[in-house]
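These come from Swiss-Prot:
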- 6-26: transmembrane segment (TRANSMEM)
- 62-82: transmembrane segment (TRANSMEM)
- 132-152: transmembrane segment (TRANSMEM)
- 175-195: transmembrane segment (TRANSMEM)
- 253-273: transmembrane segment (TRANSMEM)
- 283-303: transmembrane segment (TRANSMEM)
- 327-347: transmembrane segment (TRANSMEM)
- 356-376: transmembrane segment (TRANSMEM)
- 379-399: transmembrane segment (TRANSMEM)
- 416-436: transmembrane segment (TRANSMEM)
- 483-503: transmembrane segment (TRANSMEM)
- 526-546: transmembrane segment (TRANSMEM)
Amino acid sequence: MVASGFLLIASFMVVLFVLSRPLGGFLARLIEGEPFSALQKVEAGLWRCSGVKNAEMNGWQYALAILCFNLLGIVLLFVLLMTQGSLPLNPEHLPGMSWHLALNTAVSFVTNTNWQAYSGENTLSYLSQMAGLTVQNFLSAATGIAVAFALIRAFARHSATTLGNAWVDLVRITLYVLLPIALIIALIFVSQGVLQNLDGYLHITTLEGVQQTLPMGPVASQEAIKVLGTNGGGFFGANSAHPFENPTAFSNFVQMLAIFLIPCALCFAFGQVVGDNRQGHALIWAMSLIFIVAVVVVMYAELAGNPHLSPLGADSNSNMEGKESRFGILATSLYAVVTTAASCGAVNAMHDSFTALGGMIPLWLMQIGEVVFGGVGSGLYGMLLFVLLTVFIAGLMIGRTPEYLGKKIDVFDMKMTALAILVTPTIVLLGTALALCTEAGRAGILNPGAHGFSEVLYAFSSAANNNGSAFAGLSVNTPFYNLLLAAAMFIGRFGVILPVLAIASSLVAKKRQPAGNGTLPTGGPLFIGLLIGTVLLVGALTFIPALALGPVAEHLQVWLAH
């Protein structure tokens with residue numbers, strides 16, 4: 001099993017790098033604004049029809065465009081979800097959502113969180129799934145990538161005032177990147193048996209004579225962008241554990257690759273655009289080392305399982321509870337780490353059924369800001385925030401003004417960096433405390449003790465960091481949780497994006513200075529180690545007390561009792 005686990009990790013990383021490197025080169029061309037003659041007429045037609053000017057924007061114009069675009073998306077999706085009962089493509093005649101669930105879902109999908117307090121096959125019409133959720137899967141992913149584009153340009157340009165055009169970036173990312181790759185992935189999924197139809201649900205009689213309903217729907221098209229855009233919201237309640245959504249080991253492997261594909265490619269693109277590939281490689285090394293260690297720990301924890309099973313006559317202690325036998329423990333563990341390292345949140349097993357240690361690693365990966373490859377766009381700009389913090393700390397140690405890629409990092413930059421890094425931990429800890437201190441919050445906890453605390457902590461960690469996965473033992477479809485988690489998702493998304501664009505606006509105006517004797521090299525092993533240490537230190541200082549009350553306490557209860 002040990003050899004199989006390392007072989008799985010190695011094969012995954014090799015295929016990921018082989019696919020993401022050429023995509024990184026293509027993304028670099030988009031960032032630098034190189035024209036693509038084949039689609040220039042399509043672009044020109046879009047600008048004429050929409051009346052949008054494609055002139056470059058400064059930082060605040062870019063931020064305003066992104067914010068207004070997403071607020072409009074929330075309103076439109078909210079209305080669609082509320083009125084779906086009166087709209088077509090609803091063969092099961094499902095009614096509209098309650099207002100608080102519709103608001104939660106709209107905010108969730110627009111912010112790329114895809115937190116789901118409902119089961120899709122019992123709640124949403126095909127129109128809501130296609131025109132609502134799938135569309136926002138594309139647009140929310142494009143938003144994250146566009147913000148990353150703006151920040152990369154800020155490092156690459158100097159003595160400038162503009163970061164690009166938000167509308168141009170959103171259109172090009174959607175047309176040139178997301179749609180073509182999603183189409184290829186969708187065809188692969190269909191070949192593996194993922195559903196893609198508009199038929200009504202099938203009502204069948206099993207061999208045992210039991211009546212059963214089989215849900216149908218346009219699953220493959222939504223599934224493709226669900227993983228490619230690190231969205232994570234499943235067509236069905238069981239998400240990628242459902243055989244109609246993720247039927248084979250191959251489809252499972254493709255899903256994991258798709259989740260990391262664009263985040264990894266953006267690192268390659270970053271190095272190419274700033275003119276030093278070592279910078280992108282350093283980020284990839286830091287991310288990969290943390291990722292591999294996390295996967296190994298989860299695999300070990302799930303294989304070790306529960307020591308109390310053997311005395312009861314079980315053949316193995318290994319923890320198969322909540323997992324699909326077609327994937328097994330190793331592939332399930334890898335998927336869990338991939339989906340929480342990225343801001344995806346898709347699951348092929350029930351994370352609530354993981355061991356205490358196995359569940360703590362996905363929880364911790366979210367809490368450090370999902371900077372280990374991370375979401376599309378958000379993973380890169382999240383890690384670059386830690387890069388700025390790292391060079392600041394290094395500058396303090398040697399008594400020099402911090403700089404990165406020839407740009408001086410001043411007081412304003414560090415204030416915005418601190419704000420962006422601290423906003424999500426603040427939301428997580430305050431939200432968890434509020435839920436535990438109120439009767440409405442405690443009413444949703446179905447498991448007592450340390451695990452119940454972990455479920456609440458996981459919910460707010462997932463929402464604030466725009467992941468969307470859950471410890472499903474928490475009952476969250478209530479006005480209290482729907483509204484509080486919606487606020488956490490919105491602030492967690494734009495409370496980071498706005499400071500990032502403020503940093504970009506500051507950096508793009510600065511002159512690039514040549515490296516001196518005292519300049520910290522940021523492309524070598526020393527800096528990679530410092531960066532990893534900074535990520536671990538911030539995560540440890542922020543969340544160790546909370547983790548000690550939840551998964552750590554639960555782990556000790558199991559093993560010390562044994």
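Glycine too: its Cβ is placed from the backbone N, Cα and C atoms.
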Report task. State the non-local partners of the transmembrane segment (379-399) in its own chain: residues 6+ outside its ends, Cβ under 8 Å from one of its Cβ atoms. Result -> 147-148, 151-152, 230, 263, 266-267, 270, 283, 286-287, 342-343, 369-373, 409, 413-414, 417-418, 420-421, 496, 500, 503, 518, 520, 522, 527, 530-531, 534-535, 538
Query raised in the report: Hey, which of 132-152, 253-273, 327-347, 356-376, 526-546 has the most Cβ-Cβ pairs under 8 Å against the transmembrane segment (416-436)?
Result: 526-546
Requested in this report: Give residue numbers and ranges for long-range contacts of the transmembrane segment (526-546): same chain, 6 or more residues beyond its ends, CB-CB under 8 A.
Outcome: 282-283, 285-286, 289-290, 364, 367-368, 371, 383, 386-387, 389-390, 393-394, 421, 425, 428-429, 432, 457, 520
Report task. State, in range form, which of 253-273, 327-347, 483-503 has the highest count of Cβ pairs under 8 Å to the transmembrane segment (356-376). Result -> 327-347
Query raised in the report: Do any residues of this chain, six or more beyond the ends of the transmembrane segment (327-347), have a C-beta under 8 angstroms from a C-beta of it, and if so which?
Result: 1, 4-5, 8-9, 12, 112-115, 226-227, 230-234, 239-241, 249, 252-253, 255-256, 259-260, 263, 287, 290-291, 294-295, 298-299, 302-303, 318-320, 354, 358, 361-363, 365-366, 370, 372-375, 378-379, 462, 465-469
Query - Stretch contact, the transmembrane segment (62-82) with the transmembrane segment (483-503), Cβ-Cβ under 8 Å, 3+ pairs - result: yes
Report summary line: Spatial neighbours of the transmembrane segment (132-152) not adjacent in sequence (6+ beyond its ends, CB under 8 Å) are 30-31, 59, 62, 66, 69-70, 73, 77, 80-81, 109-112, 114, 124, 163-164, 166, 169-170, 173-174, 177-179, 182, 221-222, 225-226, 228-231, 233, 262, 266, 269-270, 273-274, 375-378, 380-381, 384, 497, 500-501, 503-504
